[in-house]
Amino acid sequence: MSATRGGPDQGPSQPQQRRIIRTQTAGNLGESFDSEVVPSSLVEIAPILRVANEVESSNPRVAYLCRFYAFEKAHRLDPTSSGRGVRQFKTALLQRLEREHDPTLMGRVKKSDAREMQSFYQHYYKKYIQALHNAADKADRAQLTKAYQTANVLFEVLKAVNLTQSIEVDREILEAQDKVAEKTQLYVPYNILPLDPDSANQAIMRYPEIQAAVLALRNTRGLPWPEGHKKKKDEDMLDWLQEMFGFQKDNVANQREHLILLLANVHIRQFPKPDQQPKLDDQALTEVMKKLFKNYKKWCKYLGRKSSLWLPTIQQEMQQRKLLYMALYLLIWGEAANLRFMPECLCYIYHHMAFELYGMLAGNVSPMTGENVKPAYGGEEDAFLRKVVTPIYEVIQMEAQRSKKGKSKHSQWRNYDDLNEYFWSVDCFRLGWPMRADADFFCLPVAVPNTEKDGDNSKPIVARDRWVGKVNFVEIRSFWHVFRSFDRMWSFYILCLQAMIIMAWDGGQPSSVFGADVFKKVLSVFITAAIMKLGQAVLDVILNFKAHQSMTLHVKLRYILKVFSAAAWVIILPVTYAYSWKDPPAFARTIKSWFGSAMHSPSLFIIAVVSYLSPNMLAGVMFLFPLLRRFLERSNYRIVMLMMWWSQPRLYVGRGMHESAFSLFKYTMFWVLLIATKLAFSYYIEIRPLVAPTQAIMKARVTNFQWHEFFPRAKNNIGVVIALWAPIILVYFMDSQIWYAIFSTLFGGIYGAFRRLGEIRTLGMLRSRFESLPGAFNDRLIPDGKNQQKKKGIRATLSHNFTEDKVPVNKEKEAARFAQLWNTIISSFREEDLISDREMDLLLVPYWADRDLDLIQWPPFLLASKIPIALDMAKDSNGKDRELKKRIESDTYMKCAVRECYASFKNIIKFVVQGNREKEVIEIIFAEVDKHIDTGDLIQEYKMSALPSLYDHFVKLIKYLLDNKEEDRDHVVILFQDMLEVVTRDIMMEDYNISSLVDSSHGGTWHGGMIPLEQQYQLFASSGAIRFPIEPVTEAWKEKIKRIYLLLTTKESAMDVPSNLEARRRISFFSNSLFMDMPMAPKVRNMLSFSVLTPYYTEEVLFSLRDLETPNEDGVSILFYLQKIFPDEWNNFLERVKCLSEEELKESDELEEELRLWASYRGQTLTRTVRGMMYYRKALELQAFLDMAMHEDLMEGYKAVELNSENNSRGERSLWAQCQAVADMKFTYVVSCQQYGIHKRSGDPRAQDILRLMTRYPSLRVAYIDEVEEPVKDKSKKGNQKVYYSVLVKVPKSTDHSTLAQNLDQVIYRIRLPGPAILGEGKPENQNHAIIFSRGEGLQTIDMNQDNYMEEALKMRNLLQEFLTKHDGVRHPSILGLREHIFTGSVSSLAWFMSNQETSFVTIGQRLLANPLRVRFHYGHPDVFDRLFHLTRGGVSKASKVINLSEDIFAGFNSTLREGNVTHHEYIQVGKGRDVGLNQISMFEAKIANGNGEQTLSRDIYRLGHRFDFFRMMSCYFTTVGFYFSTLITVLTVYIFLYGRLYLVLSGLEQGLSTQKGIRDNTPLQIALASQSFVQIGFLMALPMLMEIGLERGFRTALSEFVLMQLQLAPVFFTFSLGTKTHYYGRTLLHGGAKYRSTGRGFVVFHAKFADNYRLYSRSHFVKGLEMMLLLVVYQIFGSAYRGVLAYLLITISMWFMVGTWLFAPFLFNPSGFEWQKIVDDWTDWNKWINNIGGIGVPAEKSWESWWEEEQEHLRYSGKRGIVVEILLALRFFIYQYGLVYHLTITEKTKNFLVYGVSWLVIFLILFVMKTVSVGRRRFSASFQLMFRLIKGLIFMTFIAIIVILITLAHMTIQDIIVCILAFMPTGWGMLLIAQACKPVVHRAGFWGSVRTLARGYEIVMGLLLFTPVAFLAWFPFVSEFQTRMLFNQAFSRGLQISRILGGHRKDRSSRNKE
């Protein structure tokens, strides 16, 4: 067992593994692990080293010989040590052998090594193999497998030793070895099903459904085996397919198990009670087949080909044929590697291979050869991988290389989608079968450097003209995609805007539209529509041009016709419009004058409009009749196709996505209401009030300009009009997002309330409804035997009353089940340390139902303190029975407590008392009392004031019973006598009957004189009178005594049990969820099976002790932090492991391990995730037990079964084994640890931690990509090649810990890949390589930062039933959405904002998206996929580099486009971690914004935008990319407004028009900007948040939290994140450069350095903030219009707020951001950074230069369009200079253009001077120091002189100097931006150095501007205090000493370190 023990020194310093090998460190981790640290080219010797480690303890010499043999074999495998790491490995091994040779020789028993080996082999064979075989049923298969493998290796070594010593091997040994060899073939490590003949008695193999599937697959009758085939035992169809098509052996084994489990699970659902005759049901077969081939059949139909699934007519053969077809598909899928992302490519391969299969079975003869049909690629080993998969894979790989890690333009390489969509056209059949190597699919443009391939097997590169190019769609970086994808929405908004402006212009009342003229004018919207149609058609052609090579003729024709028809309408409509007027307006008059103006025909225009709209009529009809639309879209009739061809191009996906009529009605109503509100608001508040001021401004004349006006005679003041209207129009396009937030909050809230969310919010509410909880448990979590559909809804849940006290027979079962489930949940709380031992006792229900108590036993926390209160009431009751009874019965729980205590009192007394006389006395006393209870005069008859005294005695008795010690016997006897006395004397008041009975029992003293001692008889005193101490003590008895003790002694109320907030939240959510609508639970055996898949790269697995204890720069270690944040959980942990302090923990290895686990369960670690997911299995085992247990077992309880199974009956027939087998059938958990192989070989501690997890959870499976060096197969070449495998490993369950077994992983499957799996984004491919090892019908994708809870796992089988119901009446769900609970919001206010924002999105947001809007996609992680649906449609994520950056949402897009259906369920939740520091949050937001930028360009969004109906398209827009685009518009609005104001102020127009209302008091503009501010401060986030908190925790809480958030500066956070989103979204659309940003998963309470913040936010926030500040300052100086207006003040404040936030939020939210010492350190650090010289290899963190070059890298890949846009945007910085030079005192008199020219001269002069200085510095500063100083002095003097002259002669003022700075600074910045954009040109001109110097100057100024205010504030200590309070208010309110965490505890540490 040494493999699982790791000492404290075994921390992160693991990579020094080599040293561990060389030095002998017996029993250390390194020792047993050295068999794992083997170079990849020597993989074959690992088993030998494993055996050596295993036998070392029993025979060191044999271990030595094994190692020696391993060394020899290593030398044979790689004689020249050419493999990586081989030489070092051999050296280390040799050194070890030299060291061990002599000591082991001394210890040798036999004369020679050969004899020693033989004797050991025989000993091993007898001790292990024979002994295990004789153990019959109890043989542990894992141990047998291992024993056979070990014996095999030992024999191999033995043979080698005998050969060296030329000794014959004994006959006996050879015979034994023959048996071993035969068995080793059979006993291979298996995954779930052991399919070898000897395992037929394993529990899982005895299930009839499994047997049926196995038998069905073994039906190989009539299959034509190839010649020379050796028949094996138990051959099945998959073996035949392997022989014929050349699949890999492990792939066949993997898919065999997959298919058997799939069929068995579906079979058992068809027949809930299967007959014992195992025969596979045809219906089950058909169901699986239908799901598996639905996509394939659809593909065949789409391409007009007959499918290859030909079924025979004979019934017997039918089943065989179906199974063959399914097995073939799964085998292709299982080996397809990256081709799995291309579902239609797999269809193509399958189509041909299935046809070959049919040909072989039908005995067809090939027309070419005249022989029977054979597969085109033959059946030799690995033929399928080499000849089918690899060629296609190589194309994917080459294309991925051409993407240059995503830096190339999307249009220059084909991504997975392009390659897959090649198979959407009939042309794909030109590929042929066998595939032609010269087909266009395999062609690549212009030579690709073939570095990675070996010369021979690379394809000849074909010239570019054959390259297929992009298919169907080109992702081009452009904002136009937003308009193109959602053109209907933009058209609608623009037309509405036009109509509203016309109406407002002509009268203003909406009713005026009915006036003839206005109506005619409004009709002009159709002309606009035609123009937009033309724009759309042209845009389509331009953006799709790069895909023209792959387009068919009719698609090209459609594009061209669309342009021509749109152009025609653009001519026809205006002309007919002009002729509809008698007296036409200006624009129409012009047209009329061209064509002759005589005619007048109004009807012509109407006819034209109707014709123009006719195609839209079709769309309208299709919208109203969704079924018709579905039929038309799927139809293959020519006429229909022609009709549809015009309205939308024919595509394989995106057809038939309609919803049911009711769903359609719901989301249509939502949007109709929303749009109506929005338009009314826009019209009445923004547009109409602005019309009159606009008309006035257009009439006004301005002659007095304050700058050089280029167009002084321009009419209508058009510039002013644009400046006024632009912000309003932008807000008009954006404010739908605000309305969406409002409406979604309302509807989401109402919907949530109807779903019964938040009915149980607090523990008080739970207490009040606890009586109905057992009913709910049994109703929801226990399958209903009758299998009927239960009624749903509120009445159903409430009608289930479970409050009777008596327990009828079937209620007894219900109570037992409730107890099992409830106690499991409570125990899991205890294991997680959420509650203490006492709290657990108070919360548990008795496991062992006490049958003598005829009532329900509630958990003690409900009954606590009831008995002492009842006693007081009885004591003071004064003989009034009825009154007391009424008072007790008014409290149900008190009634239960009193009855239970009395009953238990009776039972315990009767159980303990054994003597006959004593029994008699007691029976009579109880009979008397019971009689009085029945007649109801107990209190009248008896004296109750003595009751407390009896109570005290009884409590003492219970205490003695709890301790159960022999020495207390005498005390117990006296106690009984005391109790008897109290009862008879004080309570019954000398009742004559009783007294006489007691006296007679004592054997009184009637004849005088003394009786001898031995004859004296005292009650209870004789030896057999009472049973004490109790022997044997059962668990049930212990539990009973403990419970009664709690009931009697708990004085205080248990209102605050459990006290832990997390435990409370979980209990209340779980209880509440049981009252919500959820499907009925099926039996575990009949439920849908499912898998969980977690991709893992290199994150934390388990914190090492060193990680936990190493303090950060503030002296805070993770452990200290966790102890302070979770103080109660830490104390509970110490209590659980029975330690008093941290020091005690470190004394034992086992406790140390516990400590590491405790900390890891509170971080975002893989350990936490695995524990959470393994609750599913625990839950299934428990539920299987409840399903299968007989009445007796059920009453004994699950705990008893578990205990029994551990003690004795490990038999495969035991109930426990059956429960485990069912759990195995239904649940698999695969963690895809991409790097596990590499970690293992390098001795990385993470590999050991993962191994620990597998040991802890034997059913956990780990998949990884193994990179192995193998010698090249081709003999002509030397050297090694890298080969990649997909590997699945497990650690076998080891039952007997005493054996030599070490816990090492076993390889189950090892499937070779065509090459490296990671070609795209990484995570999707990591999921994809492991998905073949998943099982079942559901697949839950879980990220490694998630968590799960025991109580939620119990609801999983209910959730999976959702797959069987049609949610919208049209289709079954393909993805079930789950809600998440964000568990990282506990400490800082930022984490709290983030978790609130995230929580509201995953609850109220997604609830609304799923229903009514029907546009929920897949947003990451806990969603459950319909596995068969997705594995045949491209998997659970998309993987193309960059475009699929947020890979998960594309799974949702894909699902929806392929007619899936995504739902959302709120009765079950999964935990999730989020980032907690501002920098991590910003990185996360940047990643999401980048992802949205890429989505905007993607084909999926384009298709959804075009294929959804109008309203669903609106939902799709506003919930995906629209949210980000609206954010962008929000920021743009501010810019446009400020630049508009700048134009008005500097040109003098504002002054000239200052009397105009439009300038002075512009309400619409104020409202528009107010709505912008709403978005800015996070209104869109806060509303749903408020509603959700209100729903789930009460509206008072919501309101107080809202106020708190404002106080903690939430608006600052939201305004700041607005900037992040805008910057990264905009930059991605323009330039690309989106990359996966790894965000933190750690604990963030550390201070971020100023330089870090500067690097992160400089471009996204600081530059923009300073630009806006500049605009505001200029406006403050020169603007005059309406300073006094309040609304204006508020708007200005809002803008200044944005500026302040963007500049200072990072410092505000930075822990210790205002601490003086930190500020000083930051300044030094920043100075060092800004002045460091960059260069190759200098990272951005070290030098400003490197960072600056990196920061503009995106411009290099941006393409011409991006550069042009960048330059145009930079031109805005020249406006300042142009405007401001005319506002100087010197230039007041002249408005000549020369002034502007002179200002440029000044700029160039300044630049020249700067250049001179820098050249001087380079040339002179070293040698001619004096010269250089003179030059500098001269320049300075000249500068001063010029300033003085200007002040004296030209009357220059201080303001002028400031204005000059304001004018010239932006110009310089603009020039810098342009220089950066044109870097290659500037470089060639030799100016790049100067540009860099200028840029550094700007950065220093910016840094100073930011740093100064922060440093100033840091002078005042109270600022730092305030900041800490604001940041960590959550912690303060929980009483945590955050100051200790922040300030660290350095003194404390240092003193400890000294010790």
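Glycine is no exception: its Cβ is also placed from the backbone N, Cα and C atoms.
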Compare the membrane side that Swiss-Prot records for SER601 with the one it records for ALA1740, and say whether they match.
yes
Would you please say which range out of 321-341, 489-509 has the annotation transmembrane segment in Swiss-Prot?
489-509
Annotated stretches the transmembrane segment (1857-1877) and the transmembrane segment (1567-1587) touching (3 or more Cβ pairs under 8 Å)
no
With helix taken as DSSP H, G or I, strand as E or B and everything else coil, how many residues of the topological domain 'Cytoplasmic' (1783-1792) land in each class?
1 helix, 0 strand, 9 coil
Are the transmembrane segment (605-625) and the transmembrane segment (1662-1682) close enough that 3 or more Cβ pairs fall under 8 Å, when only pairs 6 or more apart in sequence count?
no
Range from 718-738, 1567-1587, 1689-1709, 1834-1854 with the greatest count of C-beta pairs under 8 A to the transmembrane segment (1598-1618):
1567-1587
Which value does the mean pLDDT take for the topological domain 'Extracellular' (1878-1899) in this predicted structure?
91
Close approaches to the topological domain 'Extracellular' (1878-1899) from elsewhere in its chain (Cβ under 8 angstroms; 6 or more beyond its ends):
1658, 1730, 1744-1745, 1748, 1752, 1755-1756, 1763, 1767, 1807, 1810-1811, 1814, 1868-1869, 1871-1872
Count up the helix, strand and coil residues in the topological domain 'Extracellular' (1878-1899) according to DSSP, in that order.
19 helix, 0 strand, 3 coil
The correct DSSP tally for the topological domain 'Cytoplasmic' (626-660) reads 19 helix, 0 strand, 16 coil
Counts by DSSP class (helix H/G/I, strand E/B, coil) across the topological domain 'Extracellular' (1814-1833):
16 helix, 0 strand, 4 coil
DSSP-wise, what's the residue breakdown of the topological domain 'Extracellular' (1539-1566) into helix, strand and coil?
21 helix, 0 strand, 7 coil
Which bits of the chain, at least 6 residues beyond where the topological domain 'Extracellular' (1814-1833) starts or stops, bring a Cβ under 8 A of a Cβ in it?
1889-1890, 1893
